[in-house]
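Novice: First the structure, which I've put down as structure tokens, then a few questions once you've had a look.
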Amino acid sequence: MPRHHAGGEEGGAAGLWVRSGAAAAAGAGGGRPGSGMKDVESGRGRVLLNSAAARGDGLLLLGTRAAALGGGGGGLRESRRGKQGARMSLLGKPLSYTSSQSCRRNVKYRRVQNYLYNVLERPRGWAFVYHAFVFLLVFGCLILSVFSTIPEHTKLASSCLLILEFVMIVVFGLEFIIRIWSAGCCCRYRGWQGRLRFARKPFCVIDTIVLIASIAVVSAKTQGNIFATSALRSLRFLQILRMVRMDRRGGTWKLLGSVVYAHSKELITAWYIGFLVLIFSSFLVYLVEKDANKEFSTYADALWWGTITLTTIGYGDKTPLTWLGRLLSAGFALLGISFFALPAGILGSGFALKVQEQHRQKHFEKRRNPAANLIQCVWRSYAADEKSVSIATWKPHLKALHTCSPTKKEQGEASSSQKLSFKERVRMASPRGQSIKSRQASVGDRRSPSTDITAEGSPTKVQKSWSFNDRTRFRPSLRLKSSQPKPVIDADTALGIDDVYDEKGCQCDVSVEDLTPPLKTVIRAIRIMKFHVAKRKFKETLRPYDVKDVIEQYSAGHLDMLCRIKSLQTRVDQILGKGQMTSDKKSREKITAEHETTDDPSMLARVVKVEKQVQSIESKLDCLLDIYQQVLRKGSASALTLASFQIPPFECEQTSDYQSPVDSKDLSGSAQNSGCLTRSASANISRGLQFILTPNEFSAQTFYALSPTMHSQATQVPMSQNDGSSVVATNNIANQISAAPKPAAPTTLQIPPPLSAIKHLSRPEPLLSNPTGLQESISDVTTCLVASKESVQFAQSNLTKDRSLRKSFDMGGETLLSVRPMVPKDLGKSLSVQNLIRSTEELNLQFSGSESSGSRGSQDFYPKWRESKLFITDEEVGAEETETDTFDGTPPPAGEAAFSSDSLRTGRSRSSQNICKTGDSTDALSLPHVKLN
């Protein structure tokens, strides 16, 4: 449980403290009001004074700083001079040991124990010298035992063997005792139960048997008992077990067992088949040779022959005599020897592989220390960060700031003179040691005078020292600076609380606060450099051991690279799409999903859409540029036609993600017409667009002609010879435009902007119609449109005149062609000019009137035309459009044309046209919507 290091006026919890033995005795005697408390966590001889002296021994108390300061300073001094007391465990229980047990806790004792255990059980370095000496002793005993069996050397070998056996008994006896004792360094072999567990190990059992046999043989020889010597000669065989104990760690047996276990299946298979061959061959040879050859009289003789033959030993004591037996022996020998020889090859290859693996493992074990060092450096660099709150990480660096307390200098010197070793006392007696003492004395002299005065006058208050070294005396060890004010205590009491007994007898205390920020920065930089050095050393140990390691590294790197490439390809597919498809697959998908829009959010789909839109825009811009250039070049002509501009027809192919709902709708006329003739437009006939411009000064008799003929020609019927004409016509490429008189001056394209207030602009115009030339293949009709915003009142005044002229046209018997304005349901977005659509009010222009009114109207509004837009925009045709008059079958002399300002569309038309006329065939003419935007 961590202690609370933040001090305060009320005194924070100081941690878990347990009453020590010496302090308990003092409390029981009643000598001092305070009782000594032991720091459970630190395990050092730190003594606290607690006011609760009546509490029992071994009780866990939650001590406070205020309670610790309640006792007097005399008891503290006596407790320091006395014995420190028993050590406490982490659970607060006192650890009491006897004098012999406390000796075992000595560091030197543990060091020697570990050293001897490593020499005997884990020999390294010069420890092999001792084991080589023991091996020579054992091998010498073996040689002398051999010579003792030879009659010529029996006497000399026996005397030498007796001396050598005495030496062996002494060496083996001492070694066995040391082994049992040094095994206590391992936690599992501590105590008498642990020692018995260690003595039951196989090699310890062998040592015990050899030692007992050697003692028995030597004791029998020294007594001269002949019968005992002859009876104990068999014990000499047990002395051969000394050779077995040479491999104390059993590495050889472990290696053999691992090889056999690794190749157990192969060995069992070879031995099983070899045993079957041995049985069958011996039995068949026995059946053949038992009558003719006395050497094979029994089946046991045949098995002996088979074993010697198949193992390729071949003593030759037994051989088959009959030819049938020899043939069987040869056949089974060829078959059986191959299986009997398999285990040798399997074990040989297994040993080779195992040895190579052990060498590689040793090479890999060399990486442990660099790896551990690297981990340690990484953690220290992390713990030394500016934002780190770690305290223990600065502990190794506090030794540089280690200073001694001046107030206890005499006592410290006295105790250190008793506890210092001879080497250290000699060093302190040297001039260098005297300089150290003088520095310590100067440190004590640099104390502030106010400190001594305050300590004598008020035992409960003391000020901080002036020097840097003495400032650490009154701070708790390894304690962070607290924002709360620290209590001011007596100097001796503070020393009793915060000072730590050093092993050399000097009381010293250094705080983390003494490490200034620049010093911490330097430590941090050093740790970072150590980290980089450790990383470089660790990388050096990662070098491949052999070619197999290189291949493994390359294969692992290749697999990692493939995984990374696959992951990268998956991400690229998610961003850009699935790449290009084959042409067949493209065609199939295009047929099945011709009008379906894909919702693929990939980058590839977006790029394709953008490319299609850019291509559409480029084609439109090219068309507009061609029109503009033609207008500039032919501006002086009397009539400029858009058909002569060679406008490329716009395809209805979907080039973007916009669709027009009109693309598949039929615009038909009213059902109230007397007769309708529906003509579906051909999909492969492209429309041409004719734009006939007139001079600036238009004649009074301006008119428009709508004449659908067999060739869909647009004709012009002038009222007089001075009339100019302005015709907007859409027809096929084969259409022709009637010649118009040359204008007086060049003219520009000026179209008045549409007005929402204009509903009907009508002028009386002679309209010629040729119903006999109407063909099913005709896809367009001529549409003429001229409008001006100044002619609103003029058009309304002529509306009554238009109706009066209709009756005169009926009397003349001329054919009247009535064109009804079409009301599209929902034009949507144009396929050809989708980005240039602007909605305007519907403008229906009806032209009627006499020559004078037309001349007067043209003179009124044409000079006031301002710069107009080049394109006629699309308008929504409302239900409140001007009603179209219907006529009977009597052919009137004149006609009236009502045209809607629907969008001029180019490209293949999928809508039907209905032309309504009177006569034998009653047709309805539906004008196609043409967008020029």
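Keep in mind that glycine also has a Cβ here, set from the backbone N, Cα and C atoms.
Residues or ranges marked as topological domain 'Cytoplasmic' in Swiss-Prot: 1-126, 179-201, 254-267, 348-933. Residues or ranges marked as phosphoserine by Swiss-Prot on the basis of a large-scale study or a structure entry: S89, S448, S832. According to Swiss-Prot, the transmembrane segment annotation covers 127-147, 158-178, 202-222, 231-253, 268-288, 327-347, on the basis of sequence analysis. The feature topological domain 'Extracellular' is assigned by Swiss-Prot to 148-157, 223-230, 289-299, 321-326, with sequence analysis given as support. Summarising the annotation, Swiss-Prot assigns intramembrane segment to 300-320. Residues or ranges marked as region 'Interaction with CALM' by Swiss-Prot on the basis of similarity to another entry: 371-379, 522-529. Among the features that Swiss-Prot reports, region 'Disordered' is placed at 405-465, 578-598, 878-933. Swiss-Prot lists 432-441, 900-924 with the feature compositional bias 'Polar residues'. Summarising the annotation, Swiss-Prot assigns compositional bias 'Basic and acidic residues' to 583-598.
What's the neighbourhood like for these features in this structure?
Specialist: Note on the topological domain 'Cytoplasmic' (179-201): DSSP counts are 19 helix, 0 strand, 4 coil.
Note on the topological domain 'Cytoplasmic' (254-267): residues 342-343, 346-347, 350-351, 354-355, 358 of its chain, located 6 or more positions outside it, place their CB under 8 angstroms from a CB of the stretch.
Per-residue pLDDT, averaged over the topological domain 'Extracellular' (289-299), rounds to 89.
If one looks beyond the transmembrane segment (327-347) by at least 6 residues along the same chain, the residues whose Cβ comes under 8 Å of a Cβ in the stretch are 259-260, 263, 266-267, 270-271, 273-274, 277-278, 280-281, 284-285, 288, 306, 309-312, 320.
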Novice: Give me the DSSP three-state residue breakdown of the topological domain 'Extracellular' (321-326), ordered helix, strand, coil.
Specialist: 4 helix, 0 strand, 2 coil
Novice: Write out how many residues of the topological domain 'Extracellular' (289-299) are helix, how many strand and how many coil, based on DSSP.
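Specialist: Helix (H, G, I), strand (E, B), coil: 5 helix, 0 strand, 6 coil.
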Novice: Which residues of the chain, 6 or more past the ends of the topological domain 'Extracellular' (321-326), have a CB below 8 A from one of its CBs?
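Specialist: For the topological domain 'Extracellular' (321-326), the far contacts come to 285, 288-289, 292-293.
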